[in-house]
Amino acid sequence: MKKISRKEYVSMYGPTTGDKVRLGDTDLIAEVEHDYTIYGEELKFGGGKTLREGMSQSNNPSKEELDLIITNALIVDYTGIYKADIGIKDGKIAGIGKGGNKDMQDGVKNNLSVGPATEALAGEGLIVTAGGIDTHIHFISPQQIPTAFASGVTTMIGGGTGPADGTNATTITPGRRNLKWMLRAAEEYSMNLGFLAKGNASNDASLADQIEAGAIGFKIHEDWGTTPSAINHALDVADKYDVQVAIHTDTLNEAGCVEDTMAAIAGRTMHTFHTEGAGGGHAPDIIKVAGEHNILPASTNPTIPFTVNTEAEHMDMLMVCHHLDKSIKEDVQFADSRIRPQTIAAEDTLHDMGIFSITSSDSQAMGRVGEVITRTWQTADKNKKEFGRLKEEKGDNDNFRIKRYLSKYTINPAIAHGISEYVGSVEVGKVADLVLWSPAFFGVKPNMIIKGGFIALSQMGDANASIPTPQPVYYREMFAHHGKAKYDANITFVSQAAYDKGIKEELGLERQVLPVKNCRNITKKDMQFNDTTAHIEVNPETYHVFVDGKEVTSKPANKVSLAQLFSIF
């Protein structure tokens, strides 16, 4: 067999085992752990290449042959960082490994058979990740959805009804009628969607009715009154219907302090939003719940990474989002109590320790919907620059840290909200919601987004040009966005109760409708690469944060990666 240099090999087939790839302009280095494509048997599409009839493409149609194969992709996932062909069939990932013609090539799996019905997408030199999942969405404007999608987010969970004051402040779609409208509106979009109902009620019947109307869980928010009674009732109903409860706790400590909230939760699983507290929650010590075994703690992206500008920008955001008035002294004091540089500084470190498990946006309500992925990687890079390599790393790479941070916006929010059977990772059997990145633009600008196995968004040149690449090149909607294809390519998530009662038929929905599962039988230990529990305390006078007796903090960055270099205009 003829041998070629590693440099030639990488230029032709992409990086292989032992090769290293820098993510964007960060200091994060991914090393290829394994290559499943088999040297000498690689797939390559194009003139004079191997992916042709009678060679890597079988002549014989079969029930196994793929709809699409992504060749020689570098997969970055919580399951590993490795190179493989990815086979897609019927909108799902059918196989990962060595694809091709099993009659002519060694090592080809039955579920990776290339035939006359197979389309090819060249993954050489590209990184493939699962689509991101943002679990903290205020559905204030529908324009958020394409903005998030272009960033690599393919699933949005939250609540709202548009720019009503309740939605500006809280991620809640309250009541059967509002849920009906939002479930119907979801039909329009290239995005998996799920809606949270109002959990602020000490009445089980009103709570249950919303779940049966299609909500996938509850949001309890202080602006509607996060009382111990509301917490208890929402969790009781959630346990009955197997749905998640998300909470924004009581900043003013009117109905109780953090200890009272934890007593009301009583060891049951709960997803805590913006657990640091600048986005809301018991002042000054809501952050201490992040160390508990039954809490799935999340950040929203305004506070990560911690920079020299973080504190200053929060006051105006808070005033607008929570309908406050700068001329009212008490409103200003309320805002001041939430913006604490000390706890914000600790948040970055808690992410690096795997104590915080999830990142999200808080879209248009103290959060930027298109920056979940970017800010997650900025935080990872900031922490590496400040604290060095993690002790868990093996070899001269950052693979463990990469898996830790990737999990925060992919598999962990999927597990938290009962959708990990469908999305959240690059695994066989899951929906083919995949994001393709050039390594140089990783975390900032995807090359292409595949939705339900079909190309939905891509960087594309002038439509009147003779080839696809001439300027201006920018994101353009592809065919999965249009006609009835969008119904097959996207999912509306509902509760099992609503699914069993035929919510799809009742509301005349054409999209895929799937039920959430296993929301209650999970704990912090189910959070991949982010399952650390600890005893956290906050000094009530200085706001300094201590983990197992040791102070944790970080410095505000005056420069971050993945920033203006990638956004000239």
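The backbone N, Cα and C atoms fix where each Cβ goes, and this holds for glycine too.
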According to Swiss-Prot, LYS219, HIS274 bind Ni(2+) 2, and the residue from HIS248, HIS293, HIS314 that belongs to that same site is HIS248
Ni(2+) 1 site partner of HIS136, HIS138, LYS219 according to Swiss-Prot, chosen from ASP362, ASP381, ASP396, is ASP362
CB contacts under 8 angstroms to HIS138 (Ni(2+) 1 binding site), restricted to the same chain and 6+ apart in sequence, sorted by sequence, are GLY158, GLY159, GLY160, THR167, ASN168, ALA169, THR170, THR171, ASP362, SER363, GLN364, ALA365
Check: min Cα-Cα distance from HIS248 (Ni(2+) 2 binding site) over binding-site residues HIS136, LYS219, HIS221 goes to HIS221
The most crowded of the binding-site residues HIS136, LYS219, HIS221, HIS248, HIS274, judged by neighbouring Cβ atoms within 10 Å of its own Cβ, is HIS136
In the domain 'Urease' (131-569), averaged pLDDT is 96
ASP362 (Ni(2+) 1 binding site) -> DSSP, reduced to three states, gives coil
If we take the Cα of HIS274 (Ni(2+) 2 binding site) and draw a 10 Å sphere, the binding-site residues of HIS136, LYS219, HIS221 inside it are HIS136
So ASP362 (Ni(2+) 1 binding site), by the Cβ count within 10 Å over all chains shown, scores 29
